[in-house]
Amino acid sequence: RPLRAMDWQVLTRELSLYLESQVRVGFFGSGVGLSLVLGFGVAYACYYLNSIAKKPQLVASNDRFCRFLEEYCPVVTETYYPTIWCWEGRVQTLLRPFITSRPQVQYRNELIKTADGGQISLDWFDNDDSSYYPDASTRPTVLLLPGLTGTSKESYILHMIHQSETLGYRCVVFNNRGIAGEELLTPRTYCAANTEDLEAVIHHVHSLHPSAPFMAAGVSMGGMLLLNYLGKTGRDTPLMAAAIFSAGWNVFESVESLEKPLNWLLFNYYLTTCLQSSINRHRQMLEKLFDLDLVMKARTVREFDKQFTSVMFGYRSIDDYYEDASPCRKLKSVGIPVLCLNSVDDVFSPAHAIPVETAKQNANVALVLTSCGGHIGFLEGIWPRKCTYMDRVFKQFVQAVFEHGNKIFSM
């Protein structure tokens with residue numbers, strides 16, 4: 001017969017008494033623990049939705065540029081939902097290399113010579129199977145610039161290439177001298193301020209495909225280098241536009257932030273050892289001009305730059321180098337459309353150092369500032385393995401430029 005309400009109450013009570021007699025009822029079994037967990041979950045969800053998940057701040061003085069982004073790159077106006085269990089900036093920064101997948105990319109390597117006798121390694125993804133752009137001479141090309149010690153093998157670079165492949169575009173990765181396996185032919189590496197190698201690469205790529213639409217994207221130090229190049233050249237560049245991700249806008253503020261105890265432990269010391277390792281491989285070439293034993297004693301990026309980078313490029317002091325390397329000082333001279341993505345919780349580029357007011361004075365510049373994301377993090381989704389917010393911004397903006405760019409080039 002159907003159970004009545006009284007029968008259910010009796011059955012539930014009897015079952016509860018039986019379970020209590022058979023199993024030791026712990027914290028969660030008492031019901032109090034479950035209530036606390038549920039309450040915490042609801043409170044956390046409310047906090048996340050109210051304080052963590054937010055629309056990015058779009059900073060741009062040009063109304064046409066804003067409308068262009070809203071229509072063709074709508075991701076910059078949508079709410080960014082960071083991964084709910086690792087939204088904090090440092091955690092996002094640390095986890096991205098381990099969590100995100102590494103798409104398979106087959107490169108074609110090319111070594112080009114420089115005016116001073118050195119060589120630069122370029123890794124090409126030609127995308128010859130592109131059905132959208134079967135003619136290689138007019139296939140859109142994206143030049144990618146990795147971070148401080150990064151190469152074409154970095155996961156964020158591989159994801160950019162994967163996004164470009166789906167759109168039919170060609171990519172070429174600019175590996176800084178001496179870090180992608182090639183030998184140094186001269187006692188010179190690279191820095192964020194000196195744009196000579198980048199200028200040579202841009203000229204070379206453009207000369208190979210002069211009829212192909214051409215733009216660039218830089219990440220971290222690669223973004224700083226690209227901004228410094230654009231600030232120097234203005235409109236006199238074959239690039240149509242550029243995308244910048246997690247750039248350090250003011251090097252003085254960046255190194256100061258990285259020298260705080262926790263940030264030094266998590267990031268600064270590791271980066272310093274990576275830089276030391278990259279030049280130690282070329283010790284035979286570099287020790288002719290530099291005291292590498294002294295360089296190897298550096299424990300911060302600032303000490304490394306003081307003993308090595310600033311000396312190599314002829315700066316009178318570390319301050320002179322950092323002033324020249326800071327893109328915030330050149331932003332007003334950028335002459336082509338540039339979209340810059342930063343997170344305000346990025347310890348590599350503190351929020352107070354982001355040149356918001358300067359950006360408002362240049363109609364070619366748009367800043368997209370998220371509340372979370374860390375440094376080259378921007379993880380989203382429960383298990384953020386395949387695609388990040390940064391990847392989506394890259395894909396939409398590159399596609400917008402190549403397919404609808406005529407609507408902003410008349411700015």
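Glycine too: its Cβ is placed from the backbone N, Cα and C atoms.
Predicted automatically and left uncurated, TrEMBL annotations should be read as such.
Here is what TrEMBL records for this protein:
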ACT_SITE  Ser220  active site, charge relay system
ACT_SITE  Asp346  active site, charge relay system
ACT_SITE  His375  active site, charge relay system
DOMAIN    140-381  domain 'AB hydrolase-1'
TRANSMEM  25-49  transmembrane segment
Study note, to complete from the structure: Averaged over the domain 'AB hydrolase-1' (140-381), the pLDDT of the predicted model comes to 97
**Study point:** Residue, out of the active-site residues Ser220, Asp346, whose Cβ gathers the largest set of other Cβ atoms within 10 Å
**Key:** Asp346
Exercise for review: Check each residue in the chain of His375 (active site, charge relay system) that is at least six apart in sequence and keep those whose C-beta is under 8 Å from its C-beta; list them in sequence order.
Suggested key: Gly89, Gln92, Thr93, Ser220, Ser246, Ser343, Asp346, Val347, Phe348, Ser349
